[in-house]
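Written below as structure tokens is the structure these notes are about.
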Amino acid sequence: MAKINTQYSHPSRTHLKVKTSDRDLNRAENGLSRAHSSSEETSSVLQPGIAMETRGLADSGQGSFTGQGIARLSRLIFLLRRWAARHVHHQDQGPDSFPDRFRGAELKEVSSQESNAQANVGSQEPADRGRSAWPLAKCNTNTSNNTEEEKKTKKKDAIVVDPSSNLYYRWLTAIALPVFYNWYLLICRACFDELQSEYLMLWLVLDYSADVLYVLDVLVRARTGFLEQGLMVSDTNRLWQHYKTTTQFKLDVLSLVPTDLAYLKVGTNYPEVRFNRLLKFSRLFEFFDRTETRTNYPNMFRIGNLVLYILIIIHWNACIYFAISKFIGFGTDSWVYPNISIPEHGRLSRKYIYSLYWSTLTLTTIGETPPPVKDEEYLFVVVDFLVGVLIFATIVGNVGSMISNMNASRAEFQAKIDSIKQYMQFRKVTKDLETRVIRWFDYLWANKKTVDEKEVLKSLPDKLKAEIAINVHLDTLKKVRIFQDCEAGLLVELVLKLRPTVFSPGDYICKKGDIGKEMYIINEGKLAVVADDGVTQFVVLSDGSYFGEISILNIKGSKSGNRRTANIRSIGYSDLFCLSKDDLMEALTEYPEAKKALEEKGRQILMKDNLIDEELARAGADPKDLEEKVEQLGSSLDTLQTRFARLLAEYNATQMKMKQRLSQLESQVKGGGDKPLADGEVPGDATKTEDKQQ
């Protein structure tokens, strides 16, 4: 047992009684328990001490204390005093001090460690033993922490389905199958009794499997996230509340009503009691919409989707026709289904195929069907004709629009070719050149290079345009040496300015001595560096090669200036990316440091190839650039125009005053009066006034 150090002892403790009765000990323990119950916080330091001291006192017997018992009792009183001081301190400080709300986790941990260290001075061993003796205290101390951890764990474990993810689309595929199953087979089973009775076990298994998927779909919908101000909401309570406010929630609940219980009364040969399962049709439409968005052939999918809708309508109409025939009586007249007592018409397959044939003829208004006889038959045929007209109009309209959309790009491209042909015929272009033009258009169409990228991307925001350009062109631009270490912002600016260009076989991209206004990056194709005769090839450039980057930088001291130093010719059809000098300089205006770095890289490349005159470079380094001079001239011209406009206005004002003065003098001479005209008075007004007075 550890001893109490003298620095923690108190002089009054030397007057403790040597003999202490059991009543006194019980009174002390009861007082401690009352103090513990009245305190608002868990005294983790006091409880181990009480446990150890009371155990030691009980073991020491009912007689007088030994020296060890006195030490234990002293330690107990010391713990009581320290606990009381801490309790008073916490009451003075307040239960929720303002700085603790903003104190970080590290500061809180440090403060708690300091308080625990002060509480555990000289009593580390009893505290360790007390933890095992007081498991309830440990539980009380960590209650709040455990609750917070459980909440965090629940938040982490909460599964939220992203409606744009592949997992959600797969689930849509899974739930669309039972919905389509119910829409196609429920009506068929309800109208054709043999189909329901002969395969009853199969239908029961499929029906309740579909019900299980329906229930799971409700859970998925309750955990499906939605966007709020562009952010995905993942709070499960908000998701559930949002789902409950939708109309689909009511339809989902109605589709899960256990109407199958009616089987107990009417029997299992009435599957129409499950017609409430048809209310989940929105899942099927959602699956079709998302598939149309994901597929690479949306027009073909729309046509297939339209055909599927028409087939379902024809199928339902056929089943209803057979049900009406059964209600009226098979074979009672020429309009209803023939008598099923005839073996040929009693087969299930013949019943369905005959009904489907009649429905197709009626809805498409093709061919002749037996005329109706009874009033209900007339009403049904009238409704069928109206539905058939609607179907015909839908087919014509949708198929026509789909075909026009599919051929829109082809028609637009063909219109361009026709206009070019008419122009060449009007200008009497040679057949050879006309053939080259037509072949160039054929190459563009065959390689799908007819799309105008700017026209396609103009509806997108600048951020998405930049991301698409980075995804398409950034790797290509990084191949150029001078752009490899550039800032990311400059590269983004440059990729937005790259323009695709196509050259025909034999076309010159540049000739020796031409002024360099663009640089080129080969995306696809082969170019040849040829001699002046255009035949001798020095080197062949392939995909990924680039040229012309030095000539668009205007590097001072370059022996060739900004002129081309070689002849480059296209061997076949070549697809290049072009970056003009104006676009580069426009992008570099916001990145002056990058401009200096690019010029330095270009200068090093020229020095390596011995294509730079250092004296000329040093001599041309002091004067300002030509662009700066042009800007200064432009600003000076604006100033001169402003001054000239001001002088012109002053001249006009002076002229107006002179004219007014001359008019006054003229009126005075003619009228003989000495009174001058007032400002703004028209000559002759004074004379008119005098005449009126006379």
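From the backbone N, Cα and C atoms, a Cβ is placed for every residue, glycine too.
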Selected residue, Swiss-Prot feature N-linked glycosylation site, from candidates Asn339, Asn407: Asn339
Among Asp507, Asp583, Asp609, Asp613 - the residue Swiss-Prot places in the same 3',5'-cyclic GMP site as Gly548, Glu549, Ser551, Arg564, Thr565: Asp609
Shared topological domain relative to the membrane, Glu198 and Pro343, Swiss-Prot: yes
Segment assigned the feature transmembrane segment in Swiss-Prot (from 73-90, 271-288, 487-504): 271-288
Number of helical, extended and coil residues in the region 'Cyclic nucleotide-binding domain' (488-608), per DSSP: 33 helix, 40 strand, 48 coil
Phe392 (site 'Central gate') versus Glu549 (3',5'-cyclic GMP binding site) - Cα distance in angstrom: 62
Gly548 (3',5'-cyclic GMP binding site) to Val396 (site 'Central gate') - Cα separation in whole Å: 55
Residue among binding-site residues Glu549, Asp609 with least C-beta crowding, 10 angstrom cut-off: Asp609
Contacting positions for the transmembrane segment (247-266) when only residues 6+ beyond its ends and CB under 8 Å are counted: 207, 211, 214-215, 217-218, 221, 273-274, 276-280, 282
CB-centroid shell, 8 A cutoff, 3',5'-cyclic GMP site Gly548, Glu549, Ser551, Arg564, Thr565, Asp609, site residues removed: Gly516, Phe547, Ile550, Ser560, Ala566
Residue with minimal Cβ packing [other Cβ atoms within 10 Å] among the recorded positions Val396, Gly548, Ser551, Arg564: Val396
Residue counts (helix, strand, coil, in that order) that DSSP gives for the region 'C-linker' (408-485): 60 helix, 0 strand, 18 coil
